[in-house]
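Student: Summarising the annotation, TrEMBL assigns substrate binding site to 242, 243. As annotated by TrEMBL, domain 'Myotubularin phosphatase' applies to 92-284.
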């Protein structure tokens with residue numbers, strides 16, 4: 001967002017702050033009455049900005065920064081989210097049914113089962129309630145395996161080929177650390193996955209991070225699957241940078257297209273953002 005005026009700090013809450021705005025018909029309105037706020041929420045600063053709306057283009061507004069959140073209110077056209085009145089004839093909560101989706105893929109079968117161990121999101125709060133895992137793995141095994149994965153994101157099935165039944169699993173990094181810790185249950189689990197995918201001789205592990213990031217994560221307790229611990233597997237790094245690098249790259253793209261575009265330096269400016277490099281790494 002581009003600032004249109006200097007910040008003005010204030011220690012009063014939004015409840016006590018009288019913010020006046022003049023509408024198109026010349027009527028003065030108290031904007032603070034329509035700004036949602038919580039008990040004890042204090043206004044730190046507020047200023048006029050220009051918001052680049054992907055639907056309506058540049059929109060003037062006022063941003064309120066409190067001790068709890070950042071709130072943007074449009075001074076011109078209401079934001080798209082508040083004017084869209086499209087109606088649907090279905091209940092959005094019932095559009096996706098995980099059990100029906102797994103059945104569409106031919107699951108469960110004699111190799112893979114559906115586990116309800118995460119039905120209350122107690123095992124992994126960032127995983128769905130239903131997990132598809134190898135038939136030979138018990139729920140007690142899953143609990144032990146989850147303790148060795150970052151945020152308990154143990155390997156679970158994401159997709160299965162309709163014909164040869166090969167699968168794609170997803171998981172987080174193992175908690176190896178600088179000391180090179182190992183977990184026999186986790187190592188055995190990956191071997192069970194390999195055996196379930198007969199006639200697979202190796203488990204291909206694709207780590208989305210750059211290798212230097214994976215090595216650096218050891219210092220914070222993370223790491224990657226080593227050849228010594230995970231035999232019958234092959235590790236490849238995809239060199240996709242983290243969300244912070246991606247966000248900074250996208251910000252640079254926005255800077256070269258708004259408010260002005262220098263056509264004479266367009267290609268070099270675009271190359272300096274590294275945005276196309278990130279896109280290539282993500283889709284290949």
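Here, residue 1 is simply the first one shown, and the rest follow in order.
A Cβ is built for glycine as well, from the same backbone N, Cα and C atoms used for every other residue.
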Student: Relative to the Cβ position of residue 242 (substrate binding site), how many further Cβ atoms are located within 10 Å?
Tutor: 11
Student: Could you please provide the mean pLDDT value for the domain 'Myotubularin phosphatase' (92-284)?
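Tutor: So the average pLDDT across the domain 'Myotubularin phosphatase' (92-284) works out to 95.
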